[in-house]
């Protein structure tokens, strides 16, 4: 919420990348909200989260939609950063606000469609065949359809884009060094991009790989859900905690580390204080 309010309140942060950052914060907010919803259902009636119920369709659908939107936003940010660096020396293409807005709309439409498929009928409420153990009443084939392609996209695309950015910066640094020019700026940028990409990969690895492992377990498991209680459900709750930690880590990596955001937060605080003093006078 701090990231959203700060970026919406400062006009000079209304840039293409800032739109993606703000939308990423919205996705993380929805993920946390849907996770809180599922937690409340687990506290009030644990059986429906273990054996499945129609009441779990809506929160699980919102949870899936939020996670997919977060993944698509991370991919969009990686692509935007690559285009900003790769096309910085060309004038025929620039990433504009319209491109970022279009990417945001496409991300939400795709995430909403895929996340709401169980609400449209792709669920296992009426049959016990192909039923997910961890996320009942979802079907195992639906989880595989959602998890495998998106996990591949979430890991491959950022890997390619950030590696390309590092390679481009290194080539430009060597070119400037050969011409006898200073290369301190490019060296600093290369280190910052490499450090940020490592943080992104570690956060994604810690957050989503356990969930993906749970989906694989769902697809290969043939035991009764009662026989798996409580260990497998503790694992499911731990994967939800890791996804929520990803929502906390994204603002730190993508926005709160930005040098411009800290002064903007202080400016907003000082602005509100000055308004209070003016009203008092």
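Every residue, even glycine, has its Cβ placed from backbone N, Cα and C.
Listed features, source TrEMBL:
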DOMAIN    1-254  domain 'G-protein coupled receptors family 1 profile'
TRANSMEM  17-40  transmembrane segment
TRANSMEM  60-79  transmembrane segment
TRANSMEM  100-122  transmembrane segment
TRANSMEM  142-167  transmembrane segment
TRANSMEM  198-217  transmembrane segment
Averaged across the domain 'G-protein coupled receptors family 1 profile' (1-254), what pLDDT does the model get? Just tell me the whole number, please.
80
For the transmembrane segment (198-217), distant same-chain residues with Cβ under 8 A (at least six beyond the ends):
74, 133-134, 143-144, 147-148, 151, 154-155, 158-159, 162, 232, 235-236, 238-239, 242-243, 245-246, 249-250, 253
